[in-house]
Amino acid sequence: LERSPPQSPGPGKAGDAPNRRSGHVRGARVLSPPGRRARLSSPGPSRSSEAREELRSRLLGLIERSRVVIFSKSYCPHSTRVKELFSSLGVECNVLELDQVDDGARVQEVLSEITNQKTVPNIFVNKVHVGGCDQTFQAYQSGLLQKLLQEDSAYDYDLIIIGGGSGGLSCAKEAAILGKKVMVLDFVVPSPQGTSWGLGGTCVNVGCIPKKLMHQAALLGQALCDSRKFGWEYNQQVRHNWETMTKAIQNHISSLNWGYRLSLREKAVAYVNSYGEFVEHHKIKATNKKGQETYYTAAQFVIATGERPRYLGIQGDKEYCITSDDLFSLPYCPGKTLVVGASYVALECAGFLAGFGLDVTVMVRSILLRGFDQEMAEKVGSYMEQHGVKFLRKFIPVMVQQLEKGSPGKLKVLAKSTEGTETIEGVYNTVLLAIGRDSCTRKIGLEKIGVKINEKSGKIPVNDVEQTNVPYVYAVGDILEDKPELTPVAIQSGKLLARRLFGASLEKIYHTLFWPLEWTVAGRENNTCYAKIICNKFDHDRVIGFHILGPNAGEVTQGFAAAMKCGLTKQLLDDTIGIHPTCGEVFTTLEITKSSGLDITQKGC
């Protein structure tokens, strides 16, 4: 095994690896009975990062080819217990005694990057990282170890992903690129108002994308007012048409839905529009909208089911109120609107509705933007009040009644004070709830395979490599406990998870075309904006050239220029979470090298 200086993979990047090459870890391809030691030889010292990647590739190749691999130390009693366990089961395995190979410390260092485990024994069964001694015995006692020991070829797929949102799609496509047989299950349970949508998850359908487009529509209204001071003269009355806007936005979203389906098809990922639910270890039931059930098995699973808006639990909330699930495709103008909540979703929606000239009130239980800087939060609230948004502070709704049906109708809201006995009433056309979101983890059969969730929040605890307490089940996105609930985080996590599981190659000199979101609905040209970076591959892929052709190019370049002066590398760009949706985030997701000749046209947001 060649020596090489450690790279800096960064948190969450430790498992990245190049595509597996033919060959094996030198001296270690020994399907030996327990007790027989596999030895590693070293071809000599090297200080290149390529040697380190070669070592990582060889280790992953060994794991890929072996039924069981135990990374051990001959004097470790915990390692001895694990080897005796597999011996009692009559299971042949590869045993690598890291204290008896020439470069054992380097092997253990790279292994810790792959698994985020620094101790031995470190056990893999049929390519699944089981963990150490305690985890292996727990898996044995639960029957999971015996299940993992079944032949991998018995499964229908290498990987099944439950959830077709940002994280799930990113993981699916990356795993497919790395040669794995992948399925995505995605099914949107209609909201209480009957709203559902296509492939792509919350961000594309009922989140970032339509929100920013509606915000853009409101900004255009403000620009019309400002334009008079810049010499534009017009006499006709200008009014906003809700139906025209929503139709244009939904048409754009439909094009993104189709683009995602096409992208999966191009990468040979099986897409099934069905509700996924675990029924036993390595097996799920997929139920389509007609109630037809189909069963699938996989070696590994990724849960990427996301979250849905929370309801108040009061009389009339699900019958008469809407949420962000419904707002962006609402077929009529919402009219006078009460927004319940003080989250960024609540304030964003209140802001663009007011920008359309609607009468908007925000009902706040306690403070604005909990968890954010409160000085900034209050400045946001003050600005909104100056621009016509009314606030009802320290009140919560207790009942919603329908006074009149219609599109929109009329609703009466009864609310009570959080600081006393005072109650108030108000009449609105629409009540929009934005009080938080709940993880979609309670009805997918996790209890049947023993995956632990936080009973209060529904979120899934995972380790630093997104692995749940069940070794072959991983999770990404908003359902993770104590992780950021952001689209770019989910996209990056999904991609990196696939690379950790299946290995990935390093590429240099990247470019892409892109389509600014502000240009989509307006019908401006697609695939005319361009981004490119030039890297010095002999200096850790340091970025030495930065090019962008598109809106606000100067503003974007200024920020990256400072980063380049500080030694920006391609790895640092990959590790950076993009601000979504913006033009600048394209530099955090560059994947295609110019020398590859692959298509760089825009196919999604």
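Along the chain as shown, the residues are counted starting at 1.
The backbone N, Cα and C atoms fix where each Cβ goes, and this holds for glycine too.
Curation plays no part in TrEMBL annotations; they are all automatic predictions.
Marked as region 'Disordered' by TrEMBL: 1-52.
Look at TrEMBL and you will find 68-130 tagged as domain 'Glutaredoxin'.
Summarising the annotation, TrEMBL assigns domain 'FAD/NAD(P)-binding' to 157-494.
The domain 'Pyridine nucleotide-disulphide oxidoreductase dimerisation' feature in TrEMBL is assigned to 508-589.
For the domain 'Glutaredoxin' (68-130), the model gives a mean pLDDT of 91. Remark: secondary structure over the domain 'Glutaredoxin' (68-130) totals 24 helix, 17 strand, 22 coil, with classes taken from DSSP. Note on the domain 'Pyridine nucleotide-disulphide oxidoreductase dimerisation' (508-589): DSSP counts are 28 helix, 22 strand, 32 coil.
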